[in-house]
């Protein structure tokens, strides 16, 4: 009996799995609020220069910009009725006395700290710093999770996100706010990583896909909740606090989550692992089967994992052979371009001129059919074709926005929503595809380095938006071109449909050689032995 069959016998069926999904899924639902929170807490309302103090004697006429609206960043130096030479009457100057904002719908960090005109770059910088927190958190907390366990890191990450998110709500200045948002990013990364590993290691291979999809839909559901919360709570500080407080409750609830049995055995805590196994079996109504388990049986079933854990592998192993070099290079570009382009659309909702709350609901809703269509496509068309097509379509949609006039709001919105759905599909496909391409001995390393690239992409995206000040179309050119490059790189990856998971580097090389030979119908017994899904990372959305 394999270890997966052992888990299936005592833990995969019964109330334990339902409770496990709920306890892990509810925090994931709330992390979606934090990931996309700045869409609302950093919304930029209509604004114009505040008249100078000496302008109270009469109305102060503002220079008009595009669409016959007041210029947001300039004002006249002198009142229009002043007796001045003609060449000085139309002179303008920056907003020296601040701005007047339309806060009839909501306030934001933009209105509180005047992040407009020359300071609008600071708004994008705040989002990049948040993404940097996700990047650094993944590097630090992922290693700590292997060293100290999945549950302690998950529990601490809940507390970190609760404390730092609440701290951001009371920040008196922008620098302090960005520090707390950086810590929020670290907490989200720890939650995502630990949830991923715990969910995978507490379910059999046969049930893994169902559990992964279920947890992925928790994240999608969170995208529906955020617009409602933002509409009901127009004050950005209260909204920030509202989405952070629940993590104090998740911190307390996490004490009921069991530690990974795999990790406990590989870390030399076999007696505790056996005790946990028996507790789960009793909770599922299988107390007798749990009592029948022995320490020797568990160690025997994990003998292969114990042997592989003793072998030391590094990032250099990802480039050791020609096939691994090709796989790593192409996957890295695909992951980077997906994270890069995804956040260009997800965080640019207010640029399309449609109601912010309605459009965010649509952006969240497109993930539901996108995930379903992706699962059907990768099961029948294959991973290789699906990944290449969705990235190429996403790049085409983003580039098309350059040629659509700004007054055609409906067409621009349709293109953006379709592009965002394609990028969501790309994430769903990549989580599975990457875990199937890398051999078991370096699978975690491969997943880690590729997740690093998508974090770099999401961190870079807000900074690229600043190039729009040079040429308005420039950001879309960059985002669309990178997405096309990522889709092109996916064309050079081997197909994994109906293939068993490679265990060693040599398995991958032999597999690559066989793929170059004429295709033959796979034997039925080999197809039945194939493990369809063994990811080391969850499709919880772009965290």
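Glycine is no exception: its Cβ is also placed from the backbone N, Cα and C atoms.
Because the structure is a prediction, the values reported are computed rather than measured.
What TrEMBL records for this protein:
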DOMAIN    83-498  domain 'Major facilitator superfamily (MFS) profile'
REGION    508-543  region 'Disordered'
TRANSMEM  125-144  transmembrane segment
TRANSMEM  180-200  transmembrane segment
TRANSMEM  212-232  transmembrane segment
TRANSMEM  238-257  transmembrane segment
TRANSMEM  327-345  transmembrane segment
TRANSMEM  357-381  transmembrane segment
TRANSMEM  388-405  transmembrane segment
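Beyond the ends of the transmembrane segment (125-144), by six or more residues, the same chain brings 38, 42, 109, 153, 157, 174, 177-178, 181-190, 192-194, 343, 347, 448, 451-452, 455-456, 458-463, 543 to within a C-beta distance below 8 angstroms of the stretch. Between the transmembrane segment (327-345) and the stretches 238-257, 357-381, 388-405, Cβ pairs under 8 Å are most numerous for 388-405. Each residue in the domain 'Major facilitator superfamily (MFS) profile' (83-498) has a pLDDT score, and their mean in this model is 84.
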